[in-house]
Amino acid sequence: MADVVNLHKVLKNRSKYDRHIVPLKNQDQTLDVDIFVLLSAIDIEFIEVEKKVKVLMDVKTSWTDENLYWDPSQYGDLQHLHVQGDWVWRPEVLIRIPQKGTTTQQIMEGESKELEMVLDHTGKVFRHTTLSLSLFCSIDTTDFPFDEQYFMFILAMSVGDNVRYSEISSCLNTEFDNGNPRWSNLRVAHELIKFDNFTDLMCTVSMKRKPLFYVINIILPVVFLGYLEVLVFVIPADAGEKLSYAVALLLSYSVFVSFVADNIPEDSDNVSDLIYYIIFQFFIGAFAIFCTTLQLRLYHRDDEKDIPYLYRCTVKFVNIFLRKRNKVESCPREGGNKSKQSENHPYVPPKEVTAKYKKTTRVMRRMKTKSDLHGQTSASSSIPSASSDAGARNMTWHNVSSAIDFILFWIFLITQIVLNMWFFYPAYKADR
């Protein structure tokens, strides 16, 4: 204990030592400083709304102080000395944050906490500090919540040109990392920037957001609401809840828009695709209300009013489509019915006509043939007009409303499928 106290007094009271001067006997030489920055995912917090990131990092530095050496044999074979205080020279580090062509500077000493400083008998100084920073960074939320954010900072010396970072200086992520509940895939890269006699260390940190929370609480409900909008055109028009159902779905989107807006920065340059997705769903819901209103007006229109040609064509198109589908489905059933009828009703041969009635039947057959031919020609000319008149009389505004419901159902369903593919495919492609 006495050796430690004596050595501490000797080193501190040396007349040649001054903590304001670089510890080099020859000031024309250059002092190399080794710096290692250790980052952990759990110590990084992005504040998207404020465009800031809070970082807690471990900084380990070492250098050689030519004035702080001793002979271990004179102090009880003491190899290392733990010291505290500001009487030892230490490199003053600046944190520079590139931000749109400008750089802001923060002094490392201002928000750092020194854990320990160890002196070696050879003059080597080891320093371990924790640095807490709140940095401004440009956050791009275009792909939110499948986005990847990054920030960078530059470690620079604030002293003269005779102090620089060594070649082994680096930024690393810690091996024992418990992870971050909101972010994953921490990647740290570094680069030594040399210009003139100065050397700066640039660190780039990137992390990928975990999207599961937002998928469960925002995206999936919005997707389900989108497909529920399609069911508006399945509800019968006379049910009385068709329009109120569509309005209730439309109002639900405002809740999700406000929730997303509270979690992303107010930036007009990088608007999230999720915002566009919800807005598109909102417009689709509004258009569904518009179509439903018109469809209900057609449903309740008086049947005495004439049906325009466009509506007639719409009903005919839907009828033709449904008939073809029904024919395809009913073909095997018809064959089965015929076989069943043949089994239930066996063939009965016609009775032969007696000889005394053969002459009369021949004369009657000739007369019947002439009359049938004349009737067929007249009937064939009147069948198209009769069938068309019957179809025109049987078509009502209820048929028009049902046909429009059928067409809008498929249009909105296809729109939802295309919209979801547009939104989810980039995220799927980025994960692969």
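Quick reminder: no glycine exception, Cβ is built from N, Cα and C everywhere.
What you see is a predicted model, and the numbers here were worked out from it, not measured in a lab.
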Which listed span TrEMBL calls region 'Disordered', if the choices are 326-346, 368-388:
368-388
DSSP residue counts for the domain 'Neurotransmitter-gated ion-channel ligand-binding' (14-150), split into helix, strand and coil:
11 helix, 68 strand, 58 coil
Could you pull the average pLDDT for the domain 'Neurotransmitter-gated ion-channel ligand-binding' (14-150)?
80
Quickly jot the same-chain residues contacting the transmembrane segment (403-425) by Cβ under 8 Å, restricted to those at least six beyond its ends, or write none.
223, 226-227, 229-230, 232-234, 237, 273-274, 277, 280-281, 284, 288, 291, 295, 298, 311, 314-315, 317-319
Distant-in-sequence neighbours of the transmembrane segment (274-296), which means Cβ under 8 A and at least six residues beyond its ends:
144-145, 214, 218-219, 222, 225-226, 229, 232-233, 237, 242-243, 246-247, 249-250, 253-254, 256-257, 260-261, 264, 401, 404-405, 408, 412, 415-416, 419, 423
